[in-house]
């Protein structure tokens, strides 16, 4: 290292320059772009910028260690911490956990608390655990519950918090905990809705606990001094407000002041506890003095122990005493709340929190035994005096001061941390807009918290506030245990806590204890709290749809989805469970635009079929990184469009060197397991007349769909479906040979949507049968619709008679279609599948007979035509004429229809793609909206329940 670098003033200047580089790097607008949208050179450049800054800071850190003068400088002390902050910023930018509030740390980088485990975790935890209950209510608990049941209360309370400590330690060592404490802990584990609801309850618990601590301190002052303004209730509230104001002023001095004052307060509390314990052990020697102060306070005596072993409840019960004492076990999350101020939070939080829990547990065991032996039951339950103070040695004022300071210290910690929780929730945009004033690092969260504490003080008694605080704390602890249980149960690869002394069984046991304690304390208050939490959850769940924190809920959903898919056997599908699963096909044109936006709207409108919906899209390109990045970018755009419009549709964008091959790949590979698409949606192509490639691709896709056994629906023209219009006209179904199945079911699904439900449905059956069969065909059709519960609300049915030559495009394959279905029916009968035994139904027997007549007429027409010598051009002219005639008939009835749904003509042997598309186009010419549907051989309807 050069001589210049050893100069402390030069080094300070270099550090300032490095910090400025860091600030410029962080404020660079290009750095905030989504990583998926960045090119590799951009990422390389930003990565190199970061590495340059990091290396310079590392070099300066080494210089600091070698130069004592620099090590003592203010800038030198913060360089290493700034390097850690840069690491966090880099991790945040490249896919780590995101928390924009951490950016303010860099501006405040000179604040370097760097507390260790003792000062930063152990003391705050102990200060909150050793609450006013320790001094004012332990004698009451032992006196009324008896020693045995007092230990039962201790067991239930400390076991609940012990398992919660194990779960919290595991979660806390699985990643950095940022501002927000329990809220951050749970929201990043179980999702923003769960974390937000429990975080709000924990915030309320903290505010109520602050009120309880303040009320306890004032109660002690009143008992000591005997002074009261007007009534006791008024005096309690007045002086509580005064103490609250003093604590708020202390908090306004900042974190350092609270931390330093907290050490002094807890030290004095330890002195008070030591004075009380010494007094208990020396009580036998002071028996006469103590009995003159409190009758029955005999000092340690085995007879007292035996008399106080059993319970004798007076004004309280086991449940109310449990609610009161549980507040003397809370405070275990204070270390997690202070993680941002710790040098090594991952190692400090687990050890110090567990140490705080075990040391206070040992203290409670000693006090329960001593109090059970020191006096009679009447003496222990006398609340007119503070027993702990009267027993204390050398003077009662030591305990008086300890009571006041322990209460004030606990309240101070809560007032310090509670605003951070509500501020974190507000910064994550989880609260209604009316609470937007809580965002940002202002004094408003503190003012809001103080207001709630003041309202809580109006209760006027710690016994009235304690059960409510206990319920809220138990809900929060239950949430921590559930989070640990689910994370361990799901076995996510990212679940790697450094704390190993936990198990999903301990977490689950913690949940059971939390729920049991809530029910024991107050079932109605617990029920009300759970209902409140669920209402908060329901609200936050809607607000948190855009949050992506990698929470455990996603793991739960994935596990449930996997198990459900494994249970669906695609080889054992039943017609009763059939539902349309859609695959809409599109592609990105040369201008980078999606070719069929109308399909999106139709997919959404068909979602009442409750099936799977996928929009598959093909990008033409080579198989390289550039094409894959473009596909990913388009998929993100499509997903954003779906979310913006609240469409429940999945997207899949692939790269293929050939559009047709890519679409065939989508048809074959879309879906998973038994949840695969069975209905293909295609948009009629634009400007197809002079594009032979486009025609061949489209007709080949029709053939592929039929080959794979999929139903096929074609939109024509697709732009007419790209509308939010509420239709009020008619939906006309034009059925050739009364083809049943998806044609009718499609309309049944469509009219459930608000865009189509006002439309009147009409059914036109185009047939070559004689007119004397018209009434029979109508009756059979209506019986069929009634049998299958389709379109039953006064549907209009009309039979249109045409020549067999006009509809020969539809009838040439009719013979094969009916033969295939007959084979299915015969096979079903042989296998005893009654759902397929349609021949036993009279109406369907008649329908079969009518279709058989038309089949024979079609066969006769084909034989007659085969005997005629007719070239290809003449045959094509005849098909063109037939298409025009069909179109004229449809226009007479359905020119003003909002939607026409008809059969897609089969592709005939020897018919070119352009000839086929010309026939379809002429047949549907001048119609506003058309859906052409091609059935598969699969049955989709059953008349059985």
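Note: Cβ is positioned from N, Cα and C throughout, glycine not excepted.
Values in this document were obtained by computation on a predicted structure and should not be read as measured data.
The compositional bias 'Polar residues' feature in TrEMBL is assigned to 1-15.
Residues annotated as domain 'Amino acid permease/ SLC12A' in TrEMBL: 121-552.
For the domain 'SLC12A transporter C-terminal' (725-944), the predicted model reports an average pLDDT of 74. Taken from TrEMBL, the feature domain 'SLC12A transporter C-terminal' applies to 725-944.
Annotation source TrEMBL lists region 'Disordered' at 1-49.
Taken from TrEMBL, the feature transmembrane segment applies to 120-141 (among others). Residues 113, 150, 153, 209, 212-213, 216-217, 219-220, 262-263, 265-266, 269, 272-273, 276, 316, 321, 324-325, 327-332, 334-335, 337-338, 341-343, 348-349, 352-353, 355-357, 359-360, 363-364, 367-368, 371, 380-381, 383, 386-389, 399, 402-403, 406-407, 409-410, 413-414, 462, 466 of the same chain, all 6+ positions outside the transmembrane segment (120-141), place their C-beta atoms under 8 angstroms from a C-beta of that stretch.
Residues of the same chain lying 6 or more positions beyond the ends of the transmembrane segment (147-170) and with a Cβ under 8 Å from any Cβ of it are 141, 185, 305, 308-311, 318, 321-322, 325-326, 328-330, 332-333, 336, 349-350, 353-354, 357, 361, 364-365, 368-369, 372, 474, 477, 480-481, 483-485, 487-488, 497, 499, 501-502, 506-507, 509-510, 513-514, 516-517, 520. Summarising the annotation, TrEMBL assigns transmembrane segment to 147-170 (among others).
The feature transmembrane segment is assigned by TrEMBL to 182-205 (among others).
Feature annotation from TrEMBL assigns transmembrane segment to 211-231 (among others). Long-range contacts of the transmembrane segment (211-231) within its own chain (CB-CB distance under 8 A, at least 6 residues past either end) are made by residues 131-133, 135-136, 238-240, 243-244, 247, 327, 384-386, 389, 400, 403-404, 407-408, 410-411, 414, 453, 456-457, 459-462, 465-466, 469.
Annotation comment: TrEMBL describes 238-255 (among others) as transmembrane segment.
According to TrEMBL, the transmembrane segment annotation covers 261-282 (among others). Same-chain neighbours of the transmembrane segment (261-282): 119, 123-124, 126-127, 130, 134-135, 250, 300, 363, 366-367, 370-371, 374, 388, 391-395, 398-399, 401-403, 405-406, 408-409, 412-413, counting only residues six or more beyond its ends whose CB sits under 8 Å from a CB of the stretch.
Positions annotated as transmembrane segment by TrEMBL: 352-374 (among others).
Taken from TrEMBL, the feature transmembrane segment covers 445-462 (among others).
Annotation comment: TrEMBL describes 468-490 (among others) as transmembrane segment. Among residues of the same chain six or more beyond the transmembrane segment (468-490), those with a C-beta under 8 A of the stretch's C-beta atoms are 160-161, 163-164, 166-168, 170-171, 174, 182, 185-186, 189-190, 194-195, 198, 201-202, 204-205, 208-209, 212, 323-324, 326-327, 330, 333, 502-504, 507-508, 510-511, 514-515, 517-518, 521-522, 525-526, 529-530, 533, 552, 555-556, 559.
Feature annotation from TrEMBL assigns transmembrane segment to 511-540 (among others). Long-range neighbours of the transmembrane segment (511-540) within the same chain, counting only residues 6 or more positions beyond its ends whose Cβ lies under 8 Å from a Cβ of the stretch, are 156-157, 159-160, 163-164, 192-194, 196-198, 200-201, 318-320, 322-323, 326, 430, 432, 467-468, 470-472, 474-475, 477-478, 481-482, 485.
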Long-range environment of the transmembrane segment (182-205) - Cβ separation under 8 angstroms, sequence gap at least 6: 97, 168, 171-172, 175, 333, 336-337, 418, 421-422, 424-425, 428, 430, 449, 452, 469, 472-473, 475-476, 479-480, 482-484, 486-487, 529, 532-534, 536-537, 540-541, 543-544, 547, 549-554
